[in-house]
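Notes to accompany the following structure.
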Amino acid sequence: MSDSVEIFTDGACKGNPGPGGWGALLVCKGVEKELWGGEANTTNNRMELMAAIRGLEELKRQCDVQLVTDSQYVMKGINEWMANWKKRGWKTAAKEPVKNADLWQQLDEQVNRHNVTWKWVRGHTGHHGNERADQLANRGVDEVRGYKQP
């Protein structure tokens with residue numbers, strides 16, 4: 001029997017591109033784990049993807065995962081676009097290279113390790129897990145910019 005895990009993810013960027021951060025809150029059997037990180041020059045979409053990738057990478061064995069995001073980009077990529085990108089060799093319908101293909105490929109690899117269901121929530125509406133992930137993403141931005149949080 002595999003563990004059931006909820007992962008709440010968020011990305012943040014100060015400028016787009018600019019310094020960015022990602023955050024993931026993992027919850028399993030009432031135990032929480034916080035993850036965050038950042039990059040000096042990135043985009044909000046890359047940080048949204050990184051949050052999901054890092055959250056899934058943290059799981060050491062196959063799990064039933066509910067991944068909760070406020071990113072329409074991540075949701076549409078996973079549910080609508082990725083299958084066709086893969087069929088076309090990571091090209092769009094216009095035969096252009098898929099933006100962030102490196103991260104989409106990493107996410108695809110991680111998703112295939114688990115049984116993942118995806119849930120979209122509207123950001124900044126008081127959803128506890130989403131708000132925590134947002135705080136973690138902003139911590140990632142702050143650390144990249146040289147601000148340390150207590």
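The backbone N, Cα and C atoms fix where each Cβ goes, glycine too.
Listed features, source Swiss-Prot:
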- ASP10, ASP134: Mg(2+) 2 binding site (BINDING)
- ASP10, GLU48, ASP70: Mg(2+) 1 binding site (BINDING)
- 1-142: domain 'RNase H type-1' (DOMAIN)
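Ranking the binding-site residues GLU48, ASP70 by how many other Cβ atoms lie within 10 angstroms of each Cβ puts ASP70 at the bottom. For the domain 'RNase H type-1' (1-142), the DSSP-based tally of helix, strand and coil residues reads 56 helix, 49 strand, 37 coil.
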